[in-house]
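Chemist: Please see the structure below; I have some questions.
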Amino acid sequence: MKALSKLKAEKGIWLVDAPKPVMGHNDLLIKIKKTAICGTDMHIYNWDEWSQKTIPVPMVVGHEYVGEVVDIGQEVRGFKIGDRVSGEGHITCGHCRNCRAGRTHLCRNTSGVGVNREGSFAEYLVIPAFNAFKIPDDISDDLASIFDPFGNAVHTALSFDLVGEDVLITGAGPIGIMAAAVCRHVGARHVVITDVNEYRLELARKMGATRAVNVSKENLKDVMKELGMTEGFDVGLEMSGVPSAFHAMLDTMNHGGKVAMLGIPSGEMAIDWSKVIFKGLVIKGIYGREMFETWYKMASLIQSGLDISPIITHHFKIDDFQQGFDAMGSGQSGKVILSWD
């Protein structure tokens, strides 16, 4: 089968002929229709320090996808041939304390599709049936292929009550932009998103952000005054992993504010903890998606009218994968989709 593999321990990704994956008794075999390129895939492509420590070589990568069930393990119930599915990319152990308590998203033994095991940049993928999610008929393949990152946005945004609240999002990558759309859809008042990438900020405006602020040109506190905000943001969603962005968030949070952190800093990050203490801030770390509460909310949000389609800006055939990775690496894109049909 065709597959994109991290074939060598150097920058790049390679289109290869790989063996079709072998299915177990509790697995599904999925014929991939579309995949999307994630920021994690770009880290792997660029072979940065994290990738060098994490990714086995050679390995098929990728974890954002939609496909069709073409074979079913003999112990699997609830799926049939032809079901359209995406899937949770975090494979959990099932026996740790959190798994047994129903908090599978907090499994300490998580294995990542396309990170620790064979991924979805291939014509076929095998995953445990437990991890598969049936896609409703009224949700397109394009949208289904980005459910993984959309789930990060939904999990982060819905960590706290948003109705009538003022929300600051730091980092206008695709996940931050989708989070802005979610916040507006569920009833936040002002949703302000910050970045220095004007292309991405314009996407955020199209997706419903009240204000998309280029912090290299505008002062965030001036924007707050312009919006009539006198007491700071009620909810903060940190999506960038950039220390200066997090510092700006702490400076502008209201007393009693709540912060959800999805962005991963590149190293240790010093902050002024006195601001956290005296403001009484709540800070919550976010990793992945809640299984499977986030997935049901994703589908329901789209079915109730949330439009995240503007975040998809580029489509390529799999043979043109290099153009897709170039587009994603340029910073002048939203989500990039590769078609395997």
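Just so you know, the numbers here start at 1 and follow the chain as drawn.
In case you wondered, yes, glycine gets a Cβ from its N, Cα and C as well.
From Swiss-Prot, here are the annotated features:
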type	residues	note
BINDING	Cys38, His63, Glu64	Zn(2+) 1 binding site
ACT_SITE	Thr40	active site, charge relay system
ACT_SITE	His43	active site, charge relay system
BINDING	Cys93, Cys96, Cys99, Cys107	Zn(2+) 2 binding site
BINDING	Ile175, Asp195, Arg200, Leu262, Gly263, Ile264, Ile286, Tyr287	NAD(+) binding site
Chemist: Provide, as an integer number of angstrom, the distance between the C-alpha atoms of Tyr287 (NAD(+) binding site) and Cys99 (Zn(2+) 2 binding site).
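Modeler: With the alpha carbons as reference points, the distance is 15 Å.
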Chemist: Please identify, among the binding-site residues Asp195, Arg200, Leu262, the one with the smallest Cα-Cα distance to His63 (Zn(2+) 1 binding site).
Modeler: Leu262
Chemist: Pick the one among the binding-site residues Cys38, Cys99, Leu262, Ile264, Ile286 whose Cβ has the fewest other Cβ atoms within 10 Å in this structure.
Modeler: Ile264
Chemist: What does the structure give for the C-alpha distance between Gly263 (NAD(+) binding site) and Thr40 (active site, charge relay system)? Integer Å is fine.
Modeler: 12
Chemist: Nearest by CA distance to Arg200 (NAD(+) binding site): which of the recorded positions is it, out of Cys38, His43, Glu64, Cys99, Cys107?
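Modeler: Comparing Cα positions, the candidate nearest Arg200 (NAD(+) binding site) turns out to be Cys38.
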Chemist: If you count Cβ atoms within 10 Å of the Cβ of Arg200 (NAD(+) binding site), leaving out that atom itself, what do you get?
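Modeler: The answer is 23.
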Chemist: Among the binding-site residues listed here (Cys107, Ile175), identify the one with the smallest other-Cβ count within 10 Å.
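Modeler: Among the binding-site residues Cys107, Ile175, the lowest count of other Cβ atoms within 10 Å belongs to Cys107.
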Chemist: Other than Cys93, Cys96, Cys99, Cys107, which residues of the same chain sit close to Zn(2+) 2? List them in sequence order, counting a residue when its Cβ is within 8 Å of the Cβ centroid of the site.
Modeler: Thr92, Gly94, His95, Arg97, Asn98, Arg100, Thr104, Arg108, Asn109, Thr110
